[in-house]
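Pulled from Swiss-Prot, these are the features on record:
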- 21-41: transmembrane segment (TRANSMEM)
- 72-92: transmembrane segment (TRANSMEM)
- 94-114: transmembrane segment (TRANSMEM)
- 135-155: transmembrane segment (TRANSMEM)
- 169-189: transmembrane segment (TRANSMEM)
- 200-220: transmembrane segment (TRANSMEM)
- 240-260: transmembrane segment (TRANSMEM)
- 263-283: transmembrane segment (TRANSMEM)
- 289-309: transmembrane segment (TRANSMEM)
- 338-358: transmembrane segment (TRANSMEM)
């Protein structure tokens, strides 16, 4: 909004020329989202405590150390959503369609997560919305986003799949691109949701992935940098760096309240929306496969659950002591902070590996 209001006045007031730089607006979005999180955080937490009473239900079959978390409010993802949406709308070019597509996924998935959290609290169990209903709604929203993306993106980028390490390879998926994009967005959303099981565990890898894709968005949206790196140039996607900056800032603000011992949990409101947002940004920038590397920690968590379920159904035996895999390490005797910090390190390493794909071609 500031870009649309102030940049046209740059001829009269030279300082407003700053708003044409995506890097400046990305920094502004980050700081704004951080400040919003700090300001509204205590108020949101007080409100959540007043309406939730006993807080998020704690799994009785989980690690015993988690029982002390009883009474901690959930749905803290609300403060992330508010900070991201307000900051993005304030600093982004409102004429940029890719930003609106990503916001559609972010808000849509956030509403689904909110409904899930609400039912968990009112029914006093850990189930919430049925898995089928959540899946159906997330698929529908992701399908709309994918179709919208195809409609506004020039061919062959619209239905093309870029492959890391190959500079000119763009596989045309045709209409199969829609189910593929749905898989990326819904898969990322659920993978992040599964990762959100310990204090601070999910939000830092989310910030790392957001910062990484903010850089990727900036580079892919810039014809000169894209040409130098020999990655596919998608005009307009540079504005997504502003969104990613807002996500990093909001994440930092949320971490202030989510650091061990957490004052509030993210809940599905935050995890579903943030995961969906990362998936959507990867689709817009043609780096869907790179997301599997950068977000490898999320992939690991999701795969551990699938392996555990498949193994138990087929053999009656469990591969891990408990799934997702972060609980496996807790059961092995690792303290919660040890698991969290080591997983943060893994996320940072994977982000560097993902960034290396931009140059290794």
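Using the three backbone atoms N, Cα and C, a Cβ is placed for every residue, glycine included.
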- Message: Does the transmembrane segment (135-155) come close to the transmembrane segment (289-309), meaning at least 3 CB pairs under 8 Å for residues 6 or more apart?
- Response: no
- Message: Any contact between the transmembrane segment (94-114) and the transmembrane segment (240-260)? By contact I mean 3+ C-beta pairs closer than 8 Å, pairs at least 6 apart along the chain.
- Response: yes
- Task: Establish whether the number of Cβ pairs under 8 Å between the transmembrane segment (240-260) and the transmembrane segment (169-189) reaches at least three, counting only pairs separated by 6 or more residues.
- Result: no
- Message: Within the same chain, where does the transmembrane segment (135-155) have neighbours whose Cβ lies under 8 angstroms from its own Cβ atoms, ignoring anything closer than 6 residues to its ends? I mean 6 or more beyond.
- Response: 97-98, 101-102, 104-105, 108-109, 112, 177-178, 181-182, 185-186, 189, 234-235, 272, 276, 279-280, 283-284
- Report the listed stretch (21-41, 169-189, 200-220) having the maximum count of Cβ pairs within less than 8 Å of the transmembrane segment (263-283). 169-189
- Contact set, same chain, for the transmembrane segment (169-189): CB under 8 Å, 6 or more residues outside the stretch: 105, 109, 135, 138-139, 142-143, 145-147, 149-150, 156-163, 232, 271-273, 275-276, 278-280, 282-283, 286, 288, 291, 295, 298, 302
- Are there residues at least 6 beyond the ends of the transmembrane segment (200-220) whose Cβ is under 8 Å from a Cβ of it, and what are they? 22-23, 26, 192, 226, 229, 231-234, 237-241, 243-245, 247-248, 251-252, 254-255, 258-260, 262, 266, 270-271, 274-275, 277-278, 281-282, 284-287, 290-291, 294-295, 297-298, 326, 339-340, 343-344, 347-348, 351, 354-355, 358
